[in-house]
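Asker: Dropping the structure in here first, questions after.
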Amino acid sequence: MNVGTAHSEVNPNTRVMNSRGIWLSYVLAIGLLHIVLLSIPFVSVPVVWTLTNLIHNMGMYIFLHTVKGTPFETPDQGKARLLTHWEQMDYGVQFTASRKFLTITPIVLYFLTSFYTKYDQIHFVLNTVSLMSVLIPKLPQLHGVRIFGINKY
């Protein structure tokens, strides 16, 4: 028994998406967001799908690609301080199951949104820009890269 230790990870951010039930909880949260938006009166179904997609992608961008560091006191000598959550995930190993899941989820949501908005031009452009804003930072070539110095410190 380890007294005084809550986990064995140096940085718990690296393994959080591999926790039991996290993928199901994530999908259920997206579904709950969609149902809450559907319950708003006088909002059409295409607008609700677009809002679901935009809110999901905005949240994903903020939490995975903007916020840096870790909320825990880690013994890693501050190595995680300058890394986003996406860069910390799975110790930086590319193409893991969690990374694939978090890459495919916005794509599936984009396809659903495009279908239910009947490929309306305005919705299509908004959803495509939103999708690109969360897919481009996930590319392995952009690991640790700060474009134009944005979010460098």
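The backbone N, Cα and C atoms fix where each Cβ goes, and this holds for glycine too.
When I checked Swiss-Prot for this same protein, it listed these features:
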MOD_RES   PRO137  hydroxyproline
REGION    1-17  region 'Important for ceramide level-sensing'
TOPO_DOM  1-21  topological domain 'Cytoplasmic'
TOPO_DOM  64-100  topological domain 'Cytoplasmic'
TOPO_DOM  118-121  topological domain 'Lumenal'
TOPO_DOM  140-153  topological domain 'Cytoplasmic'
TRANSMEM  22-44  transmembrane segment
TRANSMEM  45-63  transmembrane segment
TRANSMEM  101-117  transmembrane segment
TRANSMEM  122-139  transmembrane segment
Asker: Going by DSSP, is PRO137 (hydroxyproline) part of a helix, a strand, or coil?
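Answerer: In the DSSP reduction, PRO137 (hydroxyproline) maps to helix.
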Asker: Give me the non-local Cβ neighbours of PRO137 (hydroxyproline): same chain, 6+ apart in sequence, Cβ-Cβ under 8 Å, ordered along the sequence.
Answerer: TYR61, LEU64, HIS65, TRP86
Asker: When you scan the chain for residues with a C-beta under 8 Å from the transmembrane segment (122-139), skipping those not six or more beyond its ends, what do you find?
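Answerer: That would be 46, 49-50, 53-54, 57-58, 60-61, 64-65, 86, 99, 102-103, 106-107, 110, 113-114.
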Asker: Can you name the far-off residues of the same chain, 6+ from the ends of the topological domain 'Cytoplasmic' (64-100), with a Cβ under 8 Å from a Cβ of it?
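Answerer: Same-chain contacts beyond the flanks: 10-18, 134, 137-138, 140, 143-144, 151, 153.
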Asker: For the topological domain 'Lumenal' (118-121), would you mind checking the mean pLDDT of the predicted model?
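Answerer: Residues in the topological domain 'Lumenal' (118-121) carry a mean pLDDT of 96 in this prediction.
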Asker: Per DSSP, how many helix, strand and coil residues does the topological domain 'Cytoplasmic' (64-100) have?
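Answerer: Residue counts for the topological domain 'Cytoplasmic' (64-100) by secondary structure: 19 helix, 2 strand, 16 coil.
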Asker: Against which stretches of its own chain does the topological domain 'Lumenal' (118-121) lie, if we need a Cβ under 8 Å and a gap of at least six residues from its ends?
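Answerer: For the topological domain 'Lumenal' (118-121), the sequence-distant neighbours (Cβ-Cβ under 8 Å, at least 6 residues beyond its ends) are 46.
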Asker: According to DSSP, how is the topological domain 'Lumenal' (118-121) divided among helix, strand and coil residues?
Answerer: 1 helix, 0 strand, 3 coil
